[in-house]
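See below for the structure under consideration.
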Amino acid sequence: MTTVPPPAPDAVHRTADTLLALDVGNTRLKWALYEAPHPGARLLAHGVQFLENIETLAEGDWRALRAPRWVLGSIVAGAGVRYRVEEQLELWDAPVQWVVPSQAEAGLVNGYDHPARLGPDRWVAMIGARQRLLARGEQRPCVVVMVGTAVTVEAIDAGGRFLGGIILPGHGIMLRALESGTAGLHVPTGEVRAFPTNTSDALTSGGTFAIAGAVQRMWDNLRAHSGQEPVCLMTGGAGWKMAPHMTVPFELVEGLIFDGLLTIARERFGAAPASASPASPRTSPPAESAHR
């Protein structure tokens, strides 16, 4: 799936300051082409491809794109997937950088015991969340929730230090684990109920409440640690499923990883012009499914 406006006659050959941002998850690759490498840059085109179809990108979705000057990506898939993506990127003569979490970048300090072992998607999403708060003048602690194949819940203090986070299975993994390990639980997906009275609803409600409870616990921990009520930003393809069942105040944000990639790109490739709007919602491609 791709959204590409008709190119100008010389668009394929004109590079300018365009940035191709990549979010390579466990099941899909999401990409977005921006007019410049900074928050607020105009989104020129975006799309998504399942990992098994990566080899179609160079001759398909990417063929008519304006050539990027830079490529910046976050990848959680293995080295084999990375190699396949880089083969497709040979379509252009553009340097490719993959984000590796460090001790500090783009205003965020990494409190992980071994900073480089933090998942790059987690790191980039937190940088995006921090940027979003600073752009609107909020110096507050923040809980960052990503809901996808797995669920991550991170805590950032008001000064921009990542304090720590938790990882738990997403809905699909929870259900498959129960189905494979427990006899008689091969049932259709149910509804979320306060008091489930059938197995389908019990399974769906259990997974939903587990995620909501994990977010609530981290929110409580951060409030006790900081003495302030945290902001909670939730992103990920399955975020909308959790929205009706959250027990803390939250904002559902599309494309938080792309916000983070744009913030890192500004640091690495060039500053934003004075007229740029750092939190412009038009800079992020929409979320499209529950899988990352």
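Residue numbers in this text run from 1 along the chain shown.
Glycine residues also receive a Cβ, built from the backbone N, Cα and C atoms like all the rest.
Automated prediction, rather than curation, is the source of TrEMBL annotations.
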From Thr149, Thr152, the one annotated by TrEMBL with Asp23, Val24, Gly25, Asn26, Thr27, Arg28, Leu29, Lys30 for ATP: Thr149
Of the residue ranges 104-124, 272-292, the one that TrEMBL records as region 'Disordered': 272-292
Distance in Å spanning the most remote Cα pair of Tyr112, Gly119, Pro120, Asp121, Arg122, Thr199, given for substrate: 39
Recorded ATP binding residues, Asp23, Val24, Gly25, Asn26, Thr27, Arg28, Leu29, Lys30, Thr149 - maximal Cα separation rounded to whole Å: 15
For Asp121 (active site, proton acceptor), the one of Asp23, Thr27, Leu29, Tyr112, Thr199 that lies nearest, given that the binding-site residues are compared by Cα: Asp23
Pro120 (substrate binding site): tally of other CB atoms within 10 A of its CB: 20
